[in-house]
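S.K.: Below is one structure. I have some questions about it.
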Amino acid sequence: MSSAAVVEDALEPTLQNILDQKTLKWLFVGGKGGVGKTTTSCSLAIQLSKVRESVLLISTDPAHNLSDAFGQKFGKEATKVNGFDNLSAMEIDPNSSIQEMIEQSDSQGGAMGSMMQDLAFAIPGVDEAMGFAEIMKHVKSMEYSVIVFDTAPTGHTLRFLSFPSVLEKALAKFSTLGRSLGPMLGQFQSMLGGGGPNQEDMFAKLESMREVITEVNTQFKDPEKTTFVCVCIAEFLSLYETERLIQELTSYEIDTHAIVCNQLLYPKKDSNCQHCRVRKQMQDKYVGEMMELYADDFHIVKMPLLTEEVRGTDKLKDFSNFLVTPYVPPTE
């Protein structure tokens, strides 16, 4: 199939479909490091704020670039983005969330704290997954219309998306085990003169966490409620990583039907910049491959490399328009 034919049949090259889908609750933005994920997630959140009642943008990347992008300090509590009434942002770290949970349990009573710690490190990945569960409980209680996740680079993203099923299995196992061993552990604790909350408190906490995770897991697999926007640049490694990401998302049953390709060069025809022309040729090659592979099933959005950094609310607002109105390069 020629690339001209593919382009003819291609889906609309914008993210308008995401803005129109009012049932969406969770939006993930992810890809390889350095491809413009944060700029894309900020731009998407800005566009969503025009059509949805309330939008929350969350960074789960330990590098936390949201503060840099908007030029405003964000932390682990949702804060309104300057210049917006209905857009808030927060930067969280699943690893620190589990540590806080253990410390909180320690302060309530030694036995519960140490058991939480044992649980957290007994199964690989459960520490991060439990941190994720705490975050999701917090986020769900905030009642935003739509939540956009600016995720960590690809490997972390995929681990993050597997947390619900990892945690669901682990907590189900621990809940069952806890109910059989609970009375015996309680007796043992009282023999040692241990005070603090009983094991039932801990298992009730785990159970409530499991319920949240089960619900979130169901929502993540529902294309009416969740979708993933893949971000890449027109280079071999990035395209390869995007294909891997799409395959993994499919295996997790998470909907994905949009690719944002950033940093595209559009040199003027009479440009004397040989480097620009050579690079444009390379980019055209990979954009062609991308169109051939994905244009029938994905909305492919081509975003330009601008002469200035996209930082600050005004520049992000301008840049975000290209997500809904395709960029038209100057003809001269």
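Placed from the backbone N, Cα and C atoms, the Cβ positions cover glycine too.
If you look up Swiss-Prot, you'll see K32, G33, G34, V35, G36, K37, T38, T39, E235, N262 marked as ATP binding site. Annotation source Swiss-Prot lists active site at D61. Positions annotated as Zn(2+) binding site by Swiss-Prot, on the basis of sequence analysis: C273, C276.
Neighbours and distances for these, please.
M.R.: Note: G34 (ATP binding site) has no non-local neighbours, i.e. no same-chain residues 6+ apart with C-beta under 8 A of its own C-beta.
In three-state terms derived from DSSP, D61 (active site) belongs to neither a helical nor a strand segment and is classed as coil. Cβ neighbour count for D61 (active site): 24 (other Cβ atoms within 10 Å of its Cβ, all protein chains included).
Residues near C276 (Zn(2+) binding site) in space but far in sequence (CB under 8 A, at least 6 apart, same chain), listed by position: L265, P267.
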S.K.: Taking K32, G33, G34, V35, G36, K37, T38, T39, E235, N262 as the record's ATP-binding set, what's the max Cα pairwise distance in Å, rounded to a whole number?
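M.R.: Among the residues the record ties to ATP, max Cα distance equals 19 Å.
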S.K.: Just how many other Cβ atoms lie inside 10 Å of the Cβ on T38 (ATP binding site)?
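M.R.: Taking all protein chains shown, T38 (ATP binding site) has 24 Cβ neighbours within 10 Å.
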S.K.: Express the distance between the Cα positions of T38 (ATP binding site) and D61 (active site) as a whole number of Å.
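M.R.: Here the two Cα atoms lie 10 Å apart.
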S.K.: To the nearest Å, how far is the Cα of D61 (active site) from the Cα of K32 (ATP binding site)?
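M.R.: Between the alpha carbons of D61 (active site) and K32 (ATP binding site) there are 12 Å.
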